[in-house]
Amino acid sequence: MYMYSASDSLIADETLLQKKSVKFSDQNIGFKFVMADTTEIKNHVSQKRPVLAKSLMDSSEPEPSSRVLVIYTGGTIGMKTNDNGVYEPKEDFLVNKLRTLPMFHDREYANTHFAGDEEDFLVMPHQKGRRVMYKIMEYKPLLDSSNMMMTDWGHIATDLFEHYDQFDGFVVLHGTDTMAYTASALSFMCENLGKTIILTGSQIPIFEVRSDGRDNFLSSLIMAGLYNIPEVLVCFDNKILRGSRTIKNDAGSFSAFISPNLPPIATLEIRIHVDWSAVFRATGTEKFRVHTNMCQNVGLLRMFPGITTQTVRAFLQPPMQGVVLQTYGAGNAPDNRPDLLNVLKEASNIGVVIINITQCTKGCVMTSYATGKALEDAGVICGGDMTPEAALTKLSYVLSKETWTLDKKRKFMKRNLRGEMTVVAKENITILDFELIESVARALSVSSTEEIKKLRDALYPSLMCAAAQTGDNQALEKLRTLGGNLSSHNHDGRTALHVACREGHVTTVQYLLHQGASVHLKDSNGITPLQDAVMGKHHSIIRLLVKTGAILTIKPIVLAMELCCAAATEEIETLQAYRAAGANMNECDYDKRTPLHVAVDTGSKRSVHFLLDSGVSWMFEDMFGNTALDCARKRNATEIIEMIEQKERQLAANGENGT
Ligand SMILES: NC(=O)C[C@H](N)C(=O)O
């Protein structure tokens, strides 16, 4: 395919070159550099414009790929037996071994296609026509998870934050012993999450003959790379569980984790099935951020018959700020022990936050018994069906919010923040309520619930895209209440958000973001909602998406081509749209020519003016050694030279320079 280069218009196009008479040579690169007439170049670039739209969708990589960051913290998965015959993590062992295994690294593909920073990446054989490229960040020292502290959660969260924009998804390799704690903690620490984070590990090291590690790791890479489930998840034994619902249940089984109060979010069998209706999505228009300073003055207290008041009092002593009380059955503690209840009440009165959860693996705290009601009266907060790990880490997170009042902290402990607790039973919606599906089902003689469900899954995404196209929020809301997933995509991978962004329906975009639609989803051509908004030049939507954390993901070279073309043809609105989307307006093309070079060479004064106003530099040298200012001088473009010099004077007056 033809790829545009801004300087093609000056150098490579024979028809233009041969007609010109003013010539000079650039000895360094051996090109015969011919000055073309500005209008002619402009026309030439305009003709090439349609090719650009296509090039935007093409990738210079041979196969579309997703990038996953693997944060390797330790655990059995990468361990080796030491001289004493016990398992121990070993530096660099995992990554070096993985490079030799074809399932984990397609060496031939990497040797042919990877260069520069990509050399650190491993690449999986392709899945569903896509490659998952992944990079392993190994922690030093690698830890058995029993040695992990709350500060280690902070390190992981910080690394997730720092690499959030560069990767499509994340895998955390972790020991199984405290994985449920880390997964729960990370789910609270990661605020406004829009990408998939999966924790996994194994019961037997990955390089032993019998190991669960290979499947767990491969499944996690596939899910993090190819599916957008914007949650912190645990992948184990072919199941994807919500991190904050998970507990380690079996020390000796490959099926070590369970999620007692919530079915798996996905199952990996012959087919991968994701229950999209169960996916928890952050709502609103705020960017991803992490909260790392967790409160350490929290504890878990398990009731047992005859527990003494002294034990409970000692446990609740300062500096304790929050306690998870594990009670019997549906949240009961003795109501014939006023001594005990008084201690709890006193602690609660002086500001200790006490949460009531059940000791049972499954089920939830209710106040249907007098024994449970007594605790509520003592100021103990109902923790619903939270796991001990989720309740403890939620408490640690909520208590560390320095700007929140105690009242707010108590309120937030009762709220479902990340899908960690069941607040209300799901409405019993039947898809047959929706007349359209019903009549289509009739016409197709479809009657079983399973078939109707499949029909709904096939029709809803298209209906949602159609509603988004006309900005029909009511229709979207109706589809949602009928059980539709607003982030589902049509045959082209396009979601309602893509469509609304392209069409410029700002209230629809707002509605979708508040319903948890992800700004990071790419359609089958790799286009994100932000790219759609840029193509539609919808400035308020661009601002809203950027505020929500969207970033431009198009390749720098493609961006350069777009900007150079817009600069050459004075499409100021396009330049404005890219600038608002956070594009680097100095991005240079194959010949290292910036949009300003092209604007100068095409005599596009409005573009020059806009670019200078956007703070671009006129001092970058292209491959031929010319800065944009050199180009203006060679062309004797006095007005443009004056514009640049004026900008230079303006910057100098402010103590800055234009380089
Ligand atoms: N299977 C494992 O990973 C157990 C190990 N002790 C750990 O938690 O790090």
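A Cβ is built for glycine as well, from the same backbone N, Cα and C atoms used for every other residue.
Worth saying up front: this structure is predicted, and the values here are computed from it rather than measured.
Per TrEMBL, the features are as follows:
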- 67-278: domain 'L-asparaginase N-terminal' (DOMAIN)
- Thr76: active site, O-isoaspartyl threonine intermediate (ACT_SITE)
- Ser145, Thr176, Asp177: substrate binding site (BINDING)
- Thr176: active site (ACT_SITE)
- 297-412: domain 'Asparaginase/glutaminase C-terminal' (DOMAIN)
- 492-524: repeat 'ANK' (REPEAT)
- 525-557: repeat 'ANK' (REPEAT)
- 591-623: repeat 'ANK' (REPEAT)
Averaged pLDDT score, the domain 'L-asparaginase N-terminal' (67-278): 94
Structural state of Thr76 (active site, O-isoaspartyl threonine intermediate), classified by DSSP into three states: helix
Composition by DSSP (helix, strand, coil) of residues within the repeat 'ANK' (525-557): 19 helix, 0 strand, 14 coil
Between Thr76 (active site, O-isoaspartyl threonine intermediate) and Thr176 (substrate binding site): CA-CA distance (Å): 8
Other CB atoms within 10 A, centred on Ser145 (substrate binding site): 21
Thr176 (substrate binding site) CB neighbourhood, other CB atoms within 10 A: 25
Between Ser145 (substrate binding site) and Thr76 (active site, O-isoaspartyl threonine intermediate), the C-alpha gap once rounded to whole angstrom: 9
Spatial neighbours of the residue listed as 'active site, O-isoaspartyl threonine intermediate' that are distant in sequence (at least 6 apart) but have CB under 8 A: Tyr87, Gly175, Thr176, Gly201, Ser202, Gln203, Ile204, Pro205, Gly213
Neighbour tally for Asp177 (substrate binding site), based on other Cβ positions within 10 Å of its Cβ: 18
Maximum Cα-Cα separation (Å), residues Ser145, Thr176, Asp177 listed as binding substrate: 7
Additional residues around substrate, ordered along the sequence, whose Cβ is within 8 Å of the centroid of Ser145, Thr176, Asp177: Gly75, Thr76, Asp144, Ser146, His174, Gly175, Thr178, Met179, Gly201, Lys248
DSSP residue counts for the domain 'Asparaginase/glutaminase C-terminal' (297-412), split into helix, strand and coil: 46 helix, 21 strand, 49 coil
Secondary structure tally of the repeat 'ANK' (492-524) (DSSP, helix then strand then coil): 17 helix, 0 strand, 16 coil
The repeat 'ANK' (591-623): DSSP-derived helix, strand, coil residue counts: 16 helix, 0 strand, 17 coil
